[in-house]
Amino acid sequence: MGLDLKALVSREPTRLESFATKVVAIDAYNAIYQFLATIRGPDGMQLTDARGRVTSHLSGLLYRNASFLSMGIKPVYVFDGRPPTLKSAEIERRRNVKKGAAVKYAAAVDAGNMDDARKYAQQTTSMRDGMVDDSKQILKLFGIPYIDAPSEGEATAAYLTQTGDAYASASQDFDSVLFGAKRLVRNFTNSGRRKIPNRNMYVDVQPEIIETEKTLTTLDLTREQLVDVGILIGTDFNPDGFERIGPKTALKLVHEHGRLEDIPRIQDELGSVSYAEIRKIFLEPESPGNIEIEFGATDYDGITKYLVGERSFSEDRVAAALNRLRRALEKRSQNLDQWF
């Protein structure tokens with residue numbers, strides 16, 4: 001579901017180039033889901049290799065990471081660990097949404113409505129066995145580090161910004177702000193030209209950055225209070241939120257009363273919400289321990305052998321992407337040498 005803080009946080013447009021030389025901790029599952037949902041054929045079906053295995057995520061990781069490295073960006077991918085018990089309701093909700101979308105997809109295909117078919121196909125997106133291993137394999141070949149979080153990937157990505165190991169975390173979800181990320185970048189892995197569903201129109205999706213401290217100052221809230229605002233709206237750990245409370249009402253209530261326990265109108269509902277545990281998930285997430293981030297060299301031959309030889313990618317397209325990366329890195333190296 002993700003947290004609906006869009007109307008409240010302070011967002012500023014930015015450019016990918018502004019992250020050159022900076023480490024960005026990417027919510028891996030969030031990025032991979034985006035690739036799986038958007039990189040599809042005209043009928044809405046995902047790309048596959050000769051054995052029928054999905055390759056949409058690998059295509060996204062190839063082109064996006066080649067672009068990142070070409071610009072001098074240092075991506076680090078953070079994979080989810082075991083989900084908190086409180087997330088089970090949200091996981092079940094997502095499962096039901098996908099089942100319903102699958103039925104609608106089949107009906108749209110039968111009716112010959114390919115726009116609807118593609119829309120519903122995207123809603124069926126799920127992470128299947130092997131996709132995480134596939135993703136880690138291509139990251140290794142690029143020399144890009146990845147981290148297995150003990151629980152929520154966004155929490156560990158936020159932790160990396162707190163320790164100074166990363167400049168920002170990257171995710172479409174606003175949960176990173178509640179987890180304490182110093183900076184959150186949205187549209188980081190899906191920026192560019194995108195088609196508007198059911199319309200023959202395209203938009204340019206631009207990255208945007210959210211400074212958590214600026215957001216807290218603008219809203220006149222502590223981080224603890226912002227977590228309470230999130231709980232009122234609804235998080236992955238209480239997806240229904242509170243009845244008839246949206247972002248602006250939640251902010252007003254916390255301003256007036258300070259904390260959940262002191263808001264009169266929600267007391268009947270509050271007893272059925274594990275709000276103390278949800279607070280702890282955001283404010284005291286499980287520690288990832290000592291993390292060492294090491295970047296390696298790109299294995300151009302290894303990427304080609306894996307994607308072309310094992311996953312049925314076009315040799316010409318892979319070569320073109322890697323050649324662009326090689327030329328960009330050579331140019332950056334030459335420019336750097338001029339300073340010495």
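Any Cβ shown, glycine's included, is placed from N, Cα and C.
The following features are taken from Swiss-Prot:
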- Asp27, Asp80, Glu152, Glu154: Mg(2+) 1 binding site (BINDING)
- Asp173, Asp175, Asp236: Mg(2+) 2 binding site (BINDING)
- 1-98: region 'N-domain' (REGION)
- 116-258: region 'I-domain' (REGION)
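Structure with Swiss-Prot features highlighted.
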residue	record	DSSP (3 states)
Asp27	Mg(2+) 1 binding site	strand
Asp80	Mg(2+) 1 binding site	coil
Glu152	Mg(2+) 1 binding site	coil
Asp173	Mg(2+) 2 binding site	coil
Asp236	Mg(2+) 2 binding site	coil
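Cβ neighbour count within 10 Å across all protein chains ranks Asp27 highest among the binding-site residues Asp27, Asp173, Asp236.
Each residue of the region 'N-domain' (1-98) gets a DSSP state, and the totals for helix, strand and coil are 44 helix, 18 strand, 36 coil. Rounded to the nearest whole angstrom, the C-alpha distance between Asp173 (Mg(2+) 2 binding site) and Asp27 (Mg(2+) 1 binding site) is 9. Each residue in the region 'I-domain' (116-258) gets a DSSP state, and the totals come to 65 helix, 24 strand, 54 coil. Counting every protein chain shown, the Cβ of Asp175 (Mg(2+) 2 binding site) has 28 other Cβ atoms within 10 Å.
For Asp80 (Mg(2+) 1 binding site), the count of additional Cβ atoms within 10 Å of its Cβ stands at 20 [all protein chains shown].
In the predicted model, residues of the region 'I-domain' (116-258) average a pLDDT of 92.
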